[in-house]
Amino acid sequence: MQVLPPSSTGGPSRLFIMRPVATTLLMVAILLAGIIGYRALPVSALPEVDYPTIQVVTLYPGASPDVMTSAVTAPLERQFGQMSGLKQMSSQSSGGASVITLQFQLTLPLDVAEQEVQAAINAATNLLPSDLPNPPVYSKVNPADPPIMTLAVTSTAMPMTQVEDMVETRVAQKISQISGVGLVTLSGGQRPAVRVKLNAQAIAALGLTSESVRTAITGANVNSAKGSLDGPSRAVTLSANDQMQSAEEYRQLIIAYQNGAPIRLGDVATVEQGAENSWLGAWANKEQAIVMNVQRQPGANIISTADSIRQMLPQLTESLPKSVKVTVLSDRTTNIRASVDDTQFELMMAIALVVMIIYLFLRNIPATIIPGVAVPLSLIGTFAVMVFLDFSINNLTLMALTIATGFVVDDAIVVIENISRYIEKGEKPLAAALKGAGEIGFTIISLTFSLIAVLIPLLFMGDIVGRLFREFAITLAVAILISAVVSLTLTPMMCARMLSQESLRKQNRFSRASEKMFDRIIAAYGRGLAKVLNHPWLTLSVALSTLLLSVLLWVFIPKGFFPVQDNGIIQGTLQAPQSSSFANMAQRQRQVADVILQDPAVQSLTSFVGVDGTNPSLNSARLQINLKPLDERDDRVQKVIARLQTAVDKVPGVDLFLQPTQDLTIDTQVSRTQYQFTLQATSLDALSTWVPQLMEKLQQLPQLSDVSSDWQDKGLVAYVNVDRDSASRLGISMADVDNALYNAFGQRLISTIYTQANQYRVVLEHNTENTPGLAALDTIRLTSSDGGVVPLSSIAKIEQRFAPLSINHLDQFPVTTISFNVPDNYSLGDAVQAIMDTEKTLNLPVDITTQFQGSTLAFQSALGSTVWLIVAAVVAMYIVLGILYESFIHPITILSTLPTAGVGALLALMIAGSELDVIAIIGIILLIGIVKKNAIMMIDFALAAEREQGMSPREAIYQACLLRFRPILMTTLAALLGALPLMLSTGVGAELRRPLGIGMVGGLIVSQVLTLFTTPVIYLLFDRLALWTKSRFARHEEEA
């Protein structure tokens, strides 16, 4: 007995079937809108989901970390802490630099945050030191976000001071004005200045002090208003030679007289043109350079910003001398474009594979053309909606469209297959189209809305992960909706015009062979299904076993957050002993650079040494390693990192920490490794006690690698212990002592040279070439109240101590960050659990709090909400199906297919060695929407057969399974082949796409095999349950 379809007059499709011209023009309009939308959409790596982040930098040369914390950072933090919408505030106070990073809530516009920051800086101005060279400067930039472009400026004919001056005035300022640029930093620190190096013995012999010399210099170089003369007929502006512009002029400056003879500055000091900060340096490969790092504003489009920079570069470089060379060392957009191109290719491959599988099943060119038109039309039409939603073409939206290829073809296949059946039975194409489309309309609506219901929970995911996948979910939902519209309008209209009995019956050798093969498969399936229906409890036990197995696999599978991408750029931190000087660190850096540049995968290298707000201490260096394109190297980034670390381990006295740059940056601090864990306390003493103990234990854990801490408390300090009573008797104040020390050793900026284009500093210091180390303190002289010169050693003792090289705060409290990587044979979930277990064994005091930061914190949050996300998807689908079927039972039958998908996905991930990360979880959620289609197609026809033909439930579900076997197999294979290019991807960004493809392919294979047998059995069991329940109610009513 065969299932006969219910009669229909076309339903919602009738109007479009009967009006082919209108339908065609409507589809052309969708196509044109999509093409225009595609051309208008921006391109990026991922959806723009950055936290509004602002960095505030204050430089105070010569100040110790303790002074920077108490005098600069703390007053600013108190003002910033009062701002509304502030999510997190972190700060780093090091020698001469304070860097405060402010991260705001996602809902707060960046421009509003900027206004609040400016107001807070203004309020704190009176609380900051009066001799700050410059007020705090803020930038709309996340310091942990890698630069979108790095340029090296070198010259073989000009000193670096002149090169930096030209780059700063002619290049950097222009690039800063480009829309989307948040910050342009010049690493290398070779800003021009006049350096005055005092000869301590010479000024002592003449009875002078550094303070008297400083006063003379500042008084001789001024640039202030002088007024004007306003006569009866003329006005005259007053000017004077109050400015000194060159080192030669300063050299001739008279600073005092002795016995009537002038003492010039050149007599007691070396005066020369030099750099403002001599403890800064940058290199491009092995050549000293000015390295220009361009960072984007949070939320700015990387591609358009980089394109604007490249368009401007030729014009900017033309303004530089020919001896100055500007080289683009890295451009993140190169890999972003390559990744997007690869994803677009995989999308086209998915479309081709899906069309191929359609032809394989339909074995008819006209029947293949119809879904071949429907698929690209649905996908292209999605671009038009994406424009209005402010989306971009990125890896996630393209992945959504690639997966949608398998979804959108399902609707067309179901419609074509149903209409073809009636044509093969002898009905006219138009009548068959009306009947078939009307019969299948409800099924299409059920499939569409139940699938969209699965995506709804993704829209409510919180924080940055939710924002990230909102574009993915909405893009996929839009494609599915357009597909449903196309399948109920264009597809039946084309079937009525293109299909005929002759075209469907026309067969070649391939068609006949494949038809026989499918007949044999269906016959074998029918025999197997009959046996399964005779043993329902055994089949039910298999279904329950898959549920139990999916739970076990979920518990034991390694869990991660986001796949580690190979973007071709490695960020590195070089660490040396805490007492290392600038010269020592620069030498070590050059040794490491030599080793790194020998690696065959490395294309170029930039490195930076010194403290300027980017680097926290003199004993560390920053590196950026640019790898060759992926097709020009043999190994991916993780293997390159392992090889480089092994090579650098042979360089004595340094530790190298490397991490690949990622498109998704959640952290706000530049870290040595990928993951962070913080300890926060009310005092530095508590941290100094517990951090070493925790570090010792964490370094022994096999689940962690490259464990390091930013806690550095062994920096050498020369503590000047002043005898206040003796100083007071001589009329010497502590301010006098501080000023003398600052003049000698602080690279003190004592005066400003103003020009038409820029301002330059006069730097005062002692010449310590002949008196290195602590011996230089013996040369310090002070002026007593009677005008005499007093050696510092006569009123103070020098003690050598240890102190922190930098002081870090998180939300105004002291904090230290422990950074770590995860070895290949462990997952982030293993590492997080190991750290939590280790923390418990230490029994930390209550005044120390711990917390994961950045991507590790996001991982914890995502992991905690994952189960609820899947439950929400299942509940949403149950509600939608219950409404559509007006039944509490049938949705459960449909949802019984879900455990098989979970088992298949988790097994595939484990076999492939992939973690269960956010991308894989999205794949599992999508599987929930896909695999239930099989059950919907079976149950729809079974219910119709029971209702209209009076079949028994067993016969109805048996015939429905045989009748719908071919479209079920076809739609499943279409979805599988749509995901296959993602699973097999090997190009740039493949790490991001592969988990989604692996999970979906594995889930589809297992669910296809099992649900064809378990769904009919569960349908019959629930039918018996419904009958039993009805009989019980009937009996109670009779008794009542």
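Here the Cβ of each residue, glycine as well, is placed from N, Cα and C on the backbone.
For reference, Swiss-Prot has these:
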- 16-36: transmembrane segment (TRANSMEM)
- 347-367: transmembrane segment (TRANSMEM)
- 369-389: transmembrane segment (TRANSMEM)
- 396-416: transmembrane segment (TRANSMEM)
- 440-460: transmembrane segment (TRANSMEM)
- 472-492: transmembrane segment (TRANSMEM)
- 537-557: transmembrane segment (TRANSMEM)
- 863-883: transmembrane segment (TRANSMEM)
- 888-908: transmembrane segment (TRANSMEM)
- 911-931: transmembrane segment (TRANSMEM)
- 968-988: transmembrane segment (TRANSMEM)
- 998-1018: transmembrane segment (TRANSMEM)
Is the transmembrane segment (369-389) in contact with the transmembrane segment (998-1018), using three or more Cβ pairs under 8 angstroms as the rule and ignoring pairs under 6 apart in sequence? no
With the cut-off at Cβ under 8 Å and a gap of six or more residues from its ends, the chain residues touching the transmembrane segment (911-931) are 403, 406-407, 450-451, 453-455, 457-458, 465, 469, 472, 476, 554, 557-563, 827-829, 862, 866, 869-870, 873-874, 877, 897-898, 900-902, 904-905, 972, 975, 979, 992-1000, 1002-1004, 1007, 1011
With pairs restricted to those 6 or more apart in sequence, evaluate whether the transmembrane segment (537-557) and the transmembrane segment (888-908) have 3+ C-beta pairs under 8 Å.
-> yes
With the greatest number of Cβ pairs under 8 Å to the transmembrane segment (347-367), the stretch among 440-460, 472-492, 863-883, 888-908, 968-988 is 968-988
Long-range Cβ contacts under 8 Å made by the transmembrane segment (440-460), restricted to residues 6 or more beyond its ends, are 8, 11-13, 407, 410-411, 414-415, 418, 466, 469-470, 472-474, 476-477, 480-481, 483-484, 487-488, 869, 872-873, 876-877, 879-881, 884-885, 894, 922, 925-926, 928-930, 932-933, 936-937, 940
